[in-house]
Amino acid sequence: MSSSDYYSQRVGDTVFTVQKRYTNLTNIGSGAQGVVCSAFDTVTQEKIAIKKLVKPFQNETYAKRAFRELRLMKMVDHKNIIGLKNLFTPAKSLDDFQDVYIVMELMDANLCRVIGIELDHDRMSYLLYQLLCGIKHLHSAGIIHRDLKPSNIVVKEDCSLKILDFGLARTADQTFNMTPYVVTRYYRAPEVIVGMKYKENVDIWSVGCIFAEMIRGDILLPGKDYIDQWNKVTQVLGTPPSVFFKQLSSSVRLYCESQPRYAGKSWKDLFPDDVFPNDTPEDKAKTRHGRDLLSKMLQIDPQNRITVEQALAHPYVSIWYDPAEVHAPPPKRYDHALDEQSIPLDQWKTRIYEEVKTYNS
């Protein structure tokens, strides 16, 4: 495309330079990684979302995250994961390359808007089922999301749900003692907090925290900082047995074992009947199933925590079970060897430019 195929428009505090096919640009949100607007695609005749990555080459961390996000969005195709519709830059050469624009499906709201709204069991379990289907699809490619939270789960009025934002995803065959700050604190699994190695069911803890928030209407474990988050986990759910602490590094183990021991609250106290929908006789059984699923997701020791496959087979969500959704053909396994390399920033810029330019070629 030539420069005449693009136009510029200020959206909030950001200038978008987009293809002329996209009109009616309206600001809908922003974050550390980008600014998002809604628009109308005159070619496909549908409303879409356009995300402009903010300064993707300002440092190696931002560049790696942008590279991961683009590669993952290009390879993943599932109804419960946000779909990539277009990828472009107005730059004509690598020297001019500064901005990346990602065109995605447009949803109505993120899950933050849903929390606090009274939902019946059917809607709640259907949202949960879709979230688990999306996670299962990622896990089938060996991808752990690592950053699940209400703000990066989006929904439509018809109750359809999609996961977005993959910048923190990592393959499951790499067991890392990774930074405790990869996940928004409230949804961070215990094994992340204490620096243990972790695998796929780290995402299931996050789902449990989100599910709990949908039911209760408030954050289950609102830690003020890194240490307080661990303390909240043990105060609410109980101090884990000594076998758990044997897996920790000596310094972390020393701290954890020096803290008061807590019995924790019962699941019935944490999730009493009156926080669940209980309008019909059938609701009572669904409430029991919902509480049971929470108890299996929110296990401090990941060895005791339910897997995504087990969660999908649980009575609370299995009423929606569709093999075509649960066992959708997995993408090829994602190779993180590229984005784990430490290379000069200009080489990251080249890689990202190539990802953008090869999208429509």
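Each Cβ is built from the backbone N, Cα and C atoms, and glycine gets one as well.
Look at Swiss-Prot and you will find 22-317 tagged as domain 'Protein kinase'.
Under the three-state DSSP scheme, Ser30 (ATP binding site) falls in the strand class. Ser30 (ATP binding site) has a Cβ environment of 17 other Cβ atoms inside 10 Å. Annotation source Swiss-Prot lists ATP binding site at Gly29, Ser30, Gly31, Ala32, Gln33, Gly34, Lys51, citing sequence analysis.
Taken from Swiss-Prot, the feature active site, proton acceptor applies to Asp147, supported by sequence analysis. For Asp147 (active site, proton acceptor), the count of additional Cβ atoms within 10 Å of its Cβ stands at 20 [all protein chains shown].
According to Swiss-Prot, the phosphothreonine annotation covers Thr179.
Under the heading phosphotyrosine, Swiss-Prot lists Tyr181.
In space, Gln33 is the closest of the binding-site residues Ser30, Gln33, Lys51 to Asp147 (active site, proton acceptor), judged by Cα positions. Most Cβ neighbours within 10 Å among the binding-site residues Gly31, Gly34: this distinction goes to Gly34. Summed and averaged per residue, pLDDT over the domain 'Protein kinase' (22-317) gives 90.
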